[in-house]
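Swiss-Prot lists these features:
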- Gly81, Asp102, Ser109, Asn110, Leu111, His112, Arg113, Lys126, Asp170, Thr171: ATP binding site (BINDING)
- Cys212, Cys215, Cys290, Cys293: Zn(2+) binding site (BINDING)
- Cys229: active site, glycyl thioester intermediate (ACT_SITE)
- 343-442: domain 'Rhodanese' (DOMAIN)
- Cys401: active site, cysteine persulfide intermediate (ACT_SITE)
Amino acid sequence: MTETERSNESLLEEIENLRVENAKLKNDLCLERSLNNASDLPMSLDEFKRYGRQMIVDETEGLMGQLKLKNASVLVIGAGGLGCPSLPYLAGAGIGKIGIVDNDTVDTSNLHRQVLHDTIKVGMLKSESAKQVLNKLNPHVSVTSYPVRLSNENAFDIFKDYDVILDCTDTPMARYLISDVAVNLGKPVVSASALRTEGQLSIFNFDNVGPCYRCFYPTPPAPTSVSSCQEGGVLGPCVGLVGVAMVVEALKLLLGVYTRENFKPFLLQYSGFPDQTLRKFKMRGRRVDCPACGTGRTVTRESIESGKINYQSFCGSRNYSVLTEDERIDVHKFERDYWNSSKTKPYVLLDVRPSLHYSISHLPNSHNITVNELRDLPADLNNLQSKIPHLSADSEVLVLCRYGNDSQLATRLLKDKFNLKDVKDVKGGFFKYIDEINPSLPKY
């Protein structure tokens with residue numbers, strides 16, 4: 001280390017010591033004023049008792065720190081897997097104003113991980129369900145729900161009244177929008193994602209000098225590589241841990257723990273299996289050429305609100321519409337045809353869901369082969385026949401998946417790659433069949 005570097009390090013250490021000392025003096029002065037005039041306390045006696053064990057932690061700066069939280073506001077976008085663990089800890093910590101953006105409703109399939117909601121709230125708006133819980137948890141916190149889908153048209157109006165944004169969404173499209181709006185308004189974003197047994201989180205646009213989401217990810221991922229909890233699954237405690245970690249970072253921002261001198265861009269990664277691991281990676285700072293936060297930025301409020309920036313087009317989407325109407329049948333025709341005992345040559349029913357899905361619930365006499373397996377097989381009918389007994393070139397084949405998306409891709413592959421002539425996709429898939437034909441089958 002050079003003499004200059006040692007000198008700079010010494011100065012930074014001295015600045016940090018002075019900051020801590022200044023905070024302590026402010027805290028002592030605030031407390032002294034409060035005690036001299038008990039009728040003019042900065043918080044109610046209930047709040048002192050409620051937050052007491054938090055205030056005596058050195059890192060929270062005592063009463064001064066608690067007043068920072070009381071006067072702070074946090075917007076949580078998404079009251080799902082990440083939002084549910086985040087919200088009660090924000091309210092419990094005494095954040096003065098909390099906003100919740102979510103237009104989705106509670107579903108039974110959410111409850112294993114979205115533990116802020118419960119069985120009797122199935123069908124209720126998630127934002128309203130969460131608001132009810134927070135109001136009961138801490139009456140000293142003001143909670144506003146926004147039961148709307150966040151868009152380029154409403155994001156600026158919603159964001160403007162909040163100090164910190166928590167991005168608890170689950171799509172790249174939403175993350176780009178949130179980051180872009182936050183940069184334009186000068187708001188920091190705590191952003192996280194979680195899937196299966198893993199998760200990650202970062203802070204974007206710290207103090208208007210930190211990198212934004214576009215700096216980390218200039219190009220969106222291919223739509224085919226993006227998986228949702230609905231498709232890929234998620235373990236509740238794993239996403240819960242990441243959501244709670246988001247609150248820790250939000251508190252650091254609000255308490256002033258991070259400064260321009262000590263903040264370093266990072267990516268925190270959590271993995272729950274096979275061993276629990278938590279790793280922190282140092283990331284690069286702002287990109288000079290970033291269109292959102294760089295020197296010649298083009299992602300402006302006007303370009304966002306006017307729709308010039310098309311987030312859906314930028315991020316892309318999977319194209320499942322690869323069949324004609326003649327190549328598809330509805331579940332009612334499927335029910336009539338598949339179980340037709342008078343048919344001399346039975347249909348071959350292919351279920352192209354992942355094998356783990358298939359093991360949970362499936363129709364009798366079906367054969368399980370995934371879309372990826374079909375893609376990987378050499379283009380020869382003999383290879384396909386080795387996987388599916390009784391299949392021949394003139395077989396009548398019906399294809400089923402979970403929702404009727406992958407089955408369309410599989411039908412196209414069977415016809416184009418393996419030259420099968422009579423292949424039909426079942427619209428809406430296995431779940432549509434359960435909903436409209438046989439609700440006694442397990443729906444997961």
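Here the Cβ of each residue, glycine as well, is placed from N, Cα and C on the backbone.
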For the domain 'Rhodanese' (343-442), provide the mean pLDDT of the predicted model.
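When the pLDDT values over the domain 'Rhodanese' (343-442) are averaged, the result is 93.
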CB neighbours of Cys229 (active site, glycyl thioester intermediate) within 10 A?
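Within a 10 Å radius of the Cβ of Cys229 (active site, glycyl thioester intermediate) lie 18 other Cβ atoms.
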To which of the recorded positions Leu111, Cys212, Cys215, Cys293, Cys401 does the lowest count of other Cβ atoms within 10 Å belong?
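Counting other Cβ atoms within 10 Å of each of the recorded positions Leu111, Cys212, Cys215, Cys293, Cys401 gives the minimum at Leu111.
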Taking the recorded Zn(2+) site as Cys212, Cys215, Cys290, Cys293, identify the other residues of that chain whose CB atom sits within 8 Å of the mean position of the site's CB atoms, giving them in sequence order.
Ser179, Val183, Phe204, Asn205, Pro211, Tyr213, Arg214, Arg286, Arg287, Pro291, Ala292, Gly294
If you draw a 10 Å sphere on the Cβ of Ser109 (ATP binding site), how many other Cβ atoms land inside?
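That number is 13.
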Sorry to bug you, but what's the C-alpha spacing from Leu111 (ATP binding site) to Cys293 (Zn(2+) binding site), rounded to the closest Å?
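Distance (Cα to Cα, whole Å): 38 Å.
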Find, among the binding-site residues listed as Gly81, Arg113, Asp170, Cys290, the one whose Cβ has the highest number of other Cβ atoms within 10 Å in the structure shown.
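The largest 10 Å Cβ neighbour count belongs to Gly81.
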DSSP secondary structure for Leu111 (ATP binding site), reduced to helix/strand/coil, please.
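Reduced to three states, the DSSP call for Leu111 (ATP binding site) is coil.
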Quick one: pull the CA-CA distance for Leu111 (ATP binding site) versus Cys229 (active site, glycyl thioester intermediate), whole Å only.
13
So of all those recorded positions, Cys212, Cys215, Cys229, Cys290, which one's Cα sits nearest to Gly81 (ATP binding site)?
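Sorting the recorded positions by distance from Gly81 (ATP binding site), the top entry is Cys229.
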